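Per TrEMBL, the features are:
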- B:15-202: domain 'ABC transmembrane type-1' (DOMAIN)
- B:15-41: transmembrane segment (TRANSMEM)
- B:53-73: transmembrane segment (TRANSMEM)
- B:85-104: transmembrane segment (TRANSMEM)
- B:149-171: transmembrane segment (TRANSMEM)
- B:183-204: transmembrane segment (TRANSMEM)
- B:213-241: region 'Disordered' (REGION)
Amino acid sequence: MWDFQWTLQILPDLLGALGTTVQITFLSYLIALVLGLLIAIARRTPFFGAVLHAATEFIRTTPLVIQLVFVFLLTPAHITPMTVGVVVLGVHYAAYTAEVYRSGIEGVAKGQWEAARALSLPARRTWGAIVLPQAIRKVIPALGNYLIATFKDTPLLIAIGVAELLTEAQRIGSASFRVVEVYTVVGFLFLLVSIPSAILLRRLERRYAAV
Amino acid sequence: MDFLIQRLPLYIDGAWITIQLTFGGCALAFVLAMVFGIMGTIRHWLPRAISTVYVEVFRGIAALVLMFWMAFALPQLSGFRLDDMFAAILALGLNVGAYGAEVVRSSINAVPKAQVEATVALNLSWFQRTRLVVLPQAWAQMLPTFGNLVIELMKATAVVYLIGVADLTAVAQNMRESTGETVVAFIGAFILYYLIAQVLIFGMRMLERRANRKLGRTPPRGKSLKSLAQSTPVGSAGGTF
């Protein structure tokens with residue numbers, strides 16, 4: 001049933017696609033980290049904050065795949081699916097990381113804010129030197145979770161035709177009519193990445209053990 | 001607006017499939033989470049090892065990959081073809097169940113040690129201890145994270161159109177293809193997804209209240225600073241991924 005020759009033959013293509021997948025993951029995650037922080041800070045302003053809250057709430061309660069397809073259909077044709085995929089994935093997870101940052105910021109003791117105020121530090125220094133260093137340290141493990149989550153959501157990009165792992169597997173499968181090996185290898189490749197990352201994350205958690 | 005009202009029945013059909021998938025997936029995930037989660041707290045190494053393997057494997061593989069494997073690879077491997085809907089529920093349940101098992105395990109471990117010691121002093125059996133003392137307390141602890149997982153599962157159902165199930169996303173796609181109205185066709189689906197999520201969130205919150213009431217903990221009234229500080233423990237925000 002299982003053909004090893006065939007497995008070896010398709011492996012290079014799948015590993016190449018895994019590379020693309022990892023690339024997409026890191027790019028999207030970068031967007032999520034930066035944008036999420038900006039959202040978390042901007043959410044503290046009165047009106048704009050409420051609008052942002054509603055927007056992130058909407059993003060977090062509707063499926064990623066339909067967001068992907070929707071944005072893809074509305075973008076001009078010269079923008080590649082890859083770009084759309086990275087941006088949508090990044091913005092989707094920014095809605096999650098914003099919550100994580102927010103909980104971190106709220107966890108900073110009130111006295112810290114008061115001290116910054118008493119020293120009449122400008123807002124930039126209050127955030128940059130007092131609040132964020134304390135807030136972010138505590139949420140590093142929670143943020144790490146979302147790196148793995150982003151990685152596990154990359155197969156959804158098959159919906160807009162990005163050449164990531166699952167898309168590549170489907171292409172090989174439909175060209176050869178042999179899908180058992182392809183999809184099984186894809187599953188193992190996922191485990192190959194996510195189990196070590198989970199172990200790494202657990203170490204990180206122990207190191208930054210907050211709570 | 002007319003566009004959506006005219007085609008509402010089609011959207012409702014799609015939403016019904018989405019709801020069925022959500023409940024089916026949740027039921028399976030719940031059973032798996034409880035079984036493997038409790039196994040993860042047993043002192044003997046064997047059940048613990050089985051639980052770890054289940055959690056790591058099914059948490060590590062994306063639900064969509066699992067779904068593709070069941071829908072396309074399994075028939076070729078075994079000659080037996082699962083119903084698409086069933087394959088989808090199986091993949092979603094196995095995946096979310098692995099996340100849930102971790103929640104169950106850590107919630108049971110978070111029950112104060114003195115509670116377990118008290119059951120030993122009262123000479124309760126393992127079964128009595130788990131059912132009467134440990135689980136009711138762990139249950140209240142699990143529910144908030146379960147709430148997040150239920151929403152995640154509902155959202156994850158949207159990928160089933162890729163293996164040919166006619167859910168809400170599939171309806172939106174068909175609508176766009178037949179009318180060319182991309183924005184309106186998708187907004188209909190977005191609104192329904194949002195509504196389903198709100199209902200689920202509300203339901204889970206009710207369950208949380210009931211669990212806390214049963215333990216004699218009354219929910220905090222209003223948002224005092226103290227309750228806010230307690231409700232979002234740093235590091236566990238957004239559930240476990």
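Using N, Cα and C of the backbone, Cβ positions are placed for all residues, glycine too.
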> Hey, which of B:15-41, B:53-73, B:149-171 has the most Cβ-Cβ pairs under 8 Å against the transmembrane segment (B:85-104)?
Replying inline: B:15-41
>> Using a cut-off of under 8 Å between C-beta atoms, tell me which stretch among B:15-41, B:53-73, B:149-171 contacts the transmembrane segment (B:183-204) the most.
In response: B:149-171
> Short question: which residues 6 or more past the ends of the transmembrane segment (B:53-73) have a Cβ under 8 Å from it?
Replying inline: 32, 36, 40, 82, 84, 87-88, 90-92, 94-99, 101-102, 156, 159-160, 162-164
> Excluding the flanking five residues on each side, which residues at least 6 beyond the ends of the transmembrane segment (B:15-41) place their CB within less than 8 Å of a CB in that stretch?
Replying inline: 47-48, 50-52, 54-55, 85, 88-90, 92-105, 107-109, 130, 149-150, 153-154, 156-158, 160, 165-168, 192-193, 196, 200
